[in-house]
Each structure stands twice: as C-alpha cells, then as structure tokens.
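Peer 1: One structure, pasted below without further comment.
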Amino acid sequence: MQAYQRDFIRFAIERGVLRFGEFTLKSGRTSPYFFNAGLFDSGLALARLGRFYAEAVIDSGIDFDVLFGPAYKGIPLAATTAVALAEQHQRDLPWCFNRKEAKDHGEGGTLVGAPLSGRVLIIDDVITAGTAIREVMQIIDAQGARAAGVLIALNRQERGKGELSAIQEVERDFGMPVVSIVSLEQVLEYLAEDAELKKHLPAVEAYRAQYGI
C-alpha cells in the first residue's frame, strides 16, 4: 500500500465516508462496511479528494487526453481532479461532463466543458452495477472519442450476480482498465494495522470470503 492510499483511507474514515458496522446494500447484501463519497462535502474535503484522485491518475500510468465526469456525482470529481493535476503535477488537462437533460438554448446539447475527443479518462466514485459506465460509453462513442479507462475511489472487489465483479465485467466488455484510489484489499490491510479498528477485521474478511472475487 502506498502512502497516499493509507492517507486516503484515514481521510475517508475521518470524514465518515468509510464506516464500519452493519449496512444493507441496494443488492440486498448486508455489508460490514459502507462507503459514501457524497460526504466529501466541504471545500477542503473536495480539494483533498482531488489530490488523491490525481495521485491515482499518475500512479495508473493511463495515457489520456481529457477527463470526463458523468452526471451528477462525477462532475465535481472530474473538476477537482483536473485542478489537482494542474496544481500538484503540472498537467493542465481539459475536462468535461454531461447533462442529464439536453438544453434547447445557449450552447445546447448534453455536453459541457472541453470537447469530448481523443482518449477519455472517466472519473467516478464507485462502480456498483456498471450501468452508469455503459451509458457513458454510448456518449463517448457518439462523439467519436474512445475510453482510455475509468478511475474510481474504491474497488469493493465484490462479485455481482455472476462470478465476476461489475468492474471486471466493464473491463471485459470494453477492453479498458478500471483503476481505483484504493481497493478492499488495502482497507483490510489498514484495519489490520490499526489497533482501534482491528475489531472490524473479522466481519470484513468474512464478507470478502463470501462475496469477494
């Protein structure tokens, strides 16, 4: 685990974004942990989050031309990542996002920001079922661009309805990498190292044994 990944997990726990206990997921599974990126909800938190995304972008080595934030949650994530890449890594890259509704006045259309062209890095919080990414791929294809990869905050490393995770299905179906700031593997490592949080380790390990990939 890299230093920025350890810092990100600590930061997510401090913000209440990553919590441990008993949570019912949309899938109906009872999970011993929950991740809610919507709680990175202050200016300072968003700025720090962008720096973690930027570190993961650099770490991934993915070659791309433009950042894309899918509406709605991906919009601030793409924006703060673009700022952090420019300020921390001297990489001033274009970014854009889509609207859910087309506008019939002003600039019109469903895309806002830089042109969606060339190699596109999609920025989002998590991939649960992969439905949102499939919709994004249609938008990218319609512009004649191509997806270079997807960057998310947390990879739950968890099977969907079949043997693969939603992330593995996206990688298989679109032939592109999905990378994350951290994965469940690193969360487990962090729990094992933390005297206070170690008590949650057995439940998370049991959950991974049942649903993990």
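Here the Cβ of each residue, glycine as well, is placed from N, Cα and C on the backbone.
For reference, Swiss-Prot lists these features for the protein:
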{"type": "BINDING", "residues": "Lys26, 72-73, 99-100, Lys103, His105, 124-132", "note": "5-phospho-alpha-D-ribose 1-diphosphate binding site"}
{"type": "BINDING", "residues": "Phe34, Phe35, Thr128, Arg156", "note": "orotate binding site"}
Peer 1: Taking the binding-site residues one at a time (Thr128, Thr131), which has its Cβ surrounded by the most other Cβ atoms within 10 Å?
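Peer 2: The most densely surrounded of these binding-site residues is Thr128.
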Peer 1: Are any of Lys26, Lys73, Lys100 (the binding-site residues) within 10 Å of Thr128 (orotate binding site) when you go C-alpha to C-alpha, and if so which?
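Peer 2: Lys26, listed in sequence order.
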Peer 1: Write down the Cα-Cα distance for Arg156 (orotate binding site) and Lys26 (5-phospho-alpha-D-ribose 1-diphosphate binding site), rounded and given in Å.
Peer 2: 14
Peer 1: Determine the most Cβ-crowded residue among the binding-site residues Lys73, Lys100, using a 10 Å radius around each Cβ and all protein chains in the structure.
Peer 2: Lys73
Peer 1: Within the chain of Phe34 (orotate binding site), which residues six or more apart in sequence place their C-beta under 8 angstroms from its C-beta?
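Peer 2: Result: Leu18, Arg19, Gly21, Phe23, Leu25.
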Peer 1: In terms of DSSP three-state secondary structure, what is the assignment for Thr131 (5-phospho-alpha-D-ribose 1-diphosphate binding site)?
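Peer 2: DSSP assigns Thr131 (5-phospho-alpha-D-ribose 1-diphosphate binding site) to helix.
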Peer 1: I need the neighbours of the orotate site defined by Phe34, Phe35, Thr128, Arg156. Which other residues of that chain put their C-beta within 8 angstroms of the C-beta centroid, in sequence order?
Peer 2: Leu25, Ser31, Tyr33, Val126, Leu154
Peer 1: Any idea what the Cα distance is from Ile127 (5-phospho-alpha-D-ribose 1-diphosphate binding site) over to Arg156 (orotate binding site), rounded to a whole Å?
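Peer 2: So the alpha carbons of Ile127 (5-phospho-alpha-D-ribose 1-diphosphate binding site) and Arg156 (orotate binding site) sit roughly 9 Å from each other.
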